[in-house]
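*Asks:* Please see the structure below; I have some questions.
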Amino acid sequence: MGSSGDAWKLKDHPKLPKGKTVAVIVLDGWGEAKPNEFNAIHVAETPVMYSLKNGAPEKWRLIKAHGNAVGLPTEDDMGNSEVGHNALGAGRIFAQGAKLVDLALASGKIYEGEGFKYVKECFEKGTLHLIGLLSDGGVHSRLDQVQLLLKGAAKHGAKRIRVHALTDGRDVLDGSSVGFMETLENSLAQLREKGIDAQVASGGGRMYVTMDRYENDWDVVKRGWDAQVLGEAPHKFKDPVEAVKKLRQEPNANDQYLAPFVIVDDNGKPVAAILDGDAVVTFNFRADRMVMLAKALEYENFDKFDRVRVPKIRYAGMLQYHGELQLPSHYLVSPPEIARHSGEYLVRNGVRTFACSETVKFGHVTFFWNGNRSGYFNEKLEEYVEIPSDSGITFNVKPKMKALEIAERTRDAILSGKFDQVRVNLPNGDMVGHTGDIKATIEACKSADEAVKMILEAIEQVGGIYLVTADHGNAEDMVKRNKKGEPALDKNGNIQILTSHTCEPVPIAIGGPGLAPGVRFRQDLPTGGLANVAATFMNLHGSEAPSDYEPSLIEVVDN
């Protein structure tokens, strides 16, 4: 479809009026699961969300937020905020990073592209460094993809390979880092048997080393830079498996916050720093927690921390992590092309839009919502507000986060009369849920519920409409379960806390004084998912969705 005015024009909905203020509220990490002591949402007794579920059954339902419904390879793949907001904003299902990488590796096309050819130029004399999350969680990376990339790089000429492995414990169980490191070591040993000099060079926990996002805490990236590029870290080991085991024994240590370490040879020297003439590939397929490192690796004018030494390298991402910034400028697999998303359609049809969250999720209601695109479509019709997140802490310390501030700014935007749509992300359930602190997550859910209340009260005052949903599950089930669905126990008989997302469905609710009589959720879309939400809120704005969008979840029944 072209970009002329007529091509972007949305048809009027035959039964629903225009002119109502619509609030689209995304509760991050808020799925639906059986009520029990490990369901932080249930224990929190969230009265607003409870009333939406039980007050009008025809205006509340569950939708899918994982697997194929959000473009991921299998139904075992849990959703995440990136793909969730892509689907919410795009109104269609696009193959996402993990699936694109799978296809490129399976076909071998990854080795035929410009990105791989670019880094391959260093294979003869330099070292290939692979940096990323060592995990099978499938949210940011997958270990099997790394193993295939190692084999493929060796086959295509890499003679010296170093892996800088970040431990997970967030999308997978805490403590799983040891097994992942052992698996990686076995793969590297197989390469060594074939004459390839392949070793782990450094490591550290993802939330303490390298993988910050939205410029929340550059010290995280600096710790990674020091270990990976400079070969400097407070802990030195000869063996990476031993490194992880020993560092996990430190007080309050866990996989997410493992201290940075480097691997050294018999003389105590790092087995590899990143030097002039080397190649670097960041193998995460998810963008948000690679952008800051990509800037440090690629930008000549960089002032976020003292890099000390900036090697002349050839760098490529697994995908391009930021389309507007063209960052990185080289990448192995092209990211999904998402055009004609709902945000641009609404703006081109005169819908004045307000988007708000705090730093840790601000990019989700803007960049990811808008199809991996930064900036405004029309500054005269849009306003994006970022509330600075707390930095330097784990979010269970302050589980309320900035929910109140987000709600206040959104309330003010609604009452100002300047906007036709407000969309917000309330991060509490997800960000605090990732800490594994159930008590704090309960408080987080209460705070998010209170924020929803404030926004809905504003919608009530202006005679508007609300749509409340979530991007994926997390806080609703915070324990690992066995095949019988019972809480799983570790070797010491302790319950294994779950810090990852889930594959549970998420709620969606509609209502408000501006909702036309007879509007209800359809019964003929039992497998509806996040991609159906865009057409739904387009209808609430009084417009039909584009014909290729996933169908709206609502219908209007004449009374």
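Keep in mind that glycine also has a Cβ here, set from the backbone N, Cα and C atoms.
Remember, it's a predicted structure, so these values are computed and weren't measured experimentally.
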*Asks:* To which of H341, H501 does Swiss-Prot also attribute binding of Mn(2+) 1 at the site defined by D430, H434?
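*Replies:* Candidate in the recorded Mn(2+) 1 site: H501.
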*Asks:* Can you match one of S81, S416, S543, S547 to the Mn(2+) 2 site that Swiss-Prot gives for D28, D471, H472?
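*Replies:* Site partner of D28, D471, H472 for Mn(2+) 2, according to Swiss-Prot: S81.
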*Asks:* Residues with Cβ closer than 8 Å to the Cβ of S81 (active site, phosphoserine intermediate), same chain and 6+ apart in sequence?
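*Replies:* Once residues fewer than 6 apart are set aside, S81 (active site, phosphoserine intermediate) is near D28, K361, H364, F368, D430, D471, H472.
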*Asks:* Given a 10 Å Cβ-Cβ cut-off, pick out the one of the binding-site residues D28, D171, D430, D471 that has the most other Cβ atoms nearby.
*Replies:* D471
*Asks:* How many Å lie between the Cα of A287 (substrate binding site) and the Cα of H501 (Mn(2+) 1 binding site)?
*Replies:* 17
*Asks:* Whole-number Å only: compute the distance from the Cα of H140 (substrate binding site) to the Cα of H434 (Mn(2+) 1 binding site).
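*Replies:* Here the two Cα atoms lie 14 Å apart.
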*Asks:* Work through the binding-site residues one by one (D171, R213, R289) and name whichever has its CA nearest to the CA of H434 (Mn(2+) 1 binding site).
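*Replies:* If we rank D171, R213, R289 by Cα distance to H434 (Mn(2+) 1 binding site), first place goes to D171.
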*Asks:* Can you tell me how far the Cα of R213 (substrate binding site) sits from the Cα of H501 (Mn(2+) 1 binding site), in Å?
*Replies:* 18
*Asks:* List the Cα distance (Å, whole number) between R289 (substrate binding site) and H501 (Mn(2+) 1 binding site).
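*Replies:* Approximately 16 Å lies between the Cα of R289 (substrate binding site) and that of H501 (Mn(2+) 1 binding site).
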